Ligand SMILES: NC(=O)C1=CN([C@@H]2O[C@H](COP(=O)(O)OP(=O)(O)OC[C@H]3O[C@@H](n4cnc5c(N)ncnc54)[C@H](O)[C@@H]3O)[C@@H](O)[C@H]2O)C=CC1
Ligand SMILES: O=C([O-])CC(=O)C(=O)O
């Protein structure tokens with residue numbers, strides 16, 4: 001696969017595969033198929049092959065469907081946008097082959113620091129995009145100095161939290177709420193285990209800043225909000241700042257629409273002659 005450089009030379013494209021053709025995967029696949037400079041959609045891996053093939057045909061996208069283990073043969077970078085449960089299956093073969101994985105299921109990364117060791121040992125790389133959050137530029141800059149605290153408050157419409165393991169195990173119902181209910185307060189590490197598909201954002205934030213044990217979060221099920229709202233307060237020796245984002249939910253109520261766009265922006269940066277932001 002080749003693409004044209006600005007001088008008109010033909011240069012090999014970076015081959016991108018997508019693992020998980022759901023809300024994020026479909027948007028990213030569409031964009032790659034339309035064209036992103038220096039990047040080529042090289043493969044897709046998904047659970048339901050027939051459904052995925054039907055979608056690719058409808059979209060007019062020609063792209064092989066491959067098995068998880070075969071991803072390293074097809075791609076230089078895999079965008080992991082699949083259920084957290086298969087993070088390891090996606091990362092291990094790619095990282096062992098010295099390749100890159102863009103990880104969206106950041107919650108599943110926290111209990112698996114060995115994947116970072118694997119990347120280090122083989123010259124691979126895990127990239128965690130800002131995803132549904134904001135301000136990792138400032139947080140990672142502040143982390144070069146001393147960050148005293150990172151506190152986050154998340155408010156989601158109840159259906160954006162329904163079914164989370166912590167709610168099920170503790171028999172906390174968020175159905176029919178008439179006022180906001182604080183369903184969790186604790187560390188990013190515990191939140192990621194308790195709400196693995198709902199607050200990947202705090203896992204990613206903790207990796208950008210002071211780690212999963214010192215980053216704290218409150219999670220509210222709030223019937224008064226229609227968006228996935230995140231407020232962050234950082235206190236550091238270089239700056240104090242507060243940041244907020246109100247994400248429009250996608251067809252998957254747990255996932256903000258901006259997430260796939262963050263992936264596309266991060267992919268674009270990989271080959272861009274101009275990079276803005278940390
Ligand atoms: N870091 C962040 O800011 C954010 C992370 N996320 C996370 O990103 C991931 C993807 O999110 P969505 O696209 O909204 O989820 P989704 O549920 O819409 O899509 C996941 C897709 O993976 C597919 N899948 C299931 N088993 C598979 C397998 N064995 N192999 C390949 N594909 C398989 C499913 O069929 C589905 O199409 C989730 O883990 C989600 O929690 C979501 C939003 C923000
Ligand atoms: O972090 C997540 O998994 C999703 C999220 O909160 C959002 O999209 O706003």
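Using N, Cα and C of the backbone, Cβ positions are placed for all residues, glycine too.
Listed in TrEMBL for this protein:
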- 20-129: domain 'Aspartate/homoserine dehydrogenase NAD-binding' (DOMAIN)
- 132, 200: NAD(+) binding site (BINDING)
- 178-264: domain 'Aspartate dehydrogenase' (DOMAIN)
- 230: active site (ACT_SITE)
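You'll find the Cα of residue 200 (NAD(+) binding site) roughly 12 Å from the Cα of the residue listed as 'active site'. Less than 6 Å separates the Cβ from ligand 1 in the case of 132, 200, drawn from the recorded positions 132, 200, 230 in sequence order. The separation of the residue listed as 'active site' from residue 132 (NAD(+) binding site), Cα to Cα, is 9 Å. Cβ-based neighbour count (10 Å, all protein chains) for residue 230 (active site) stands at 24.
According to DSSP, residue 132 (NAD(+) binding site) is assigned to coil rather than to any helix or strand.
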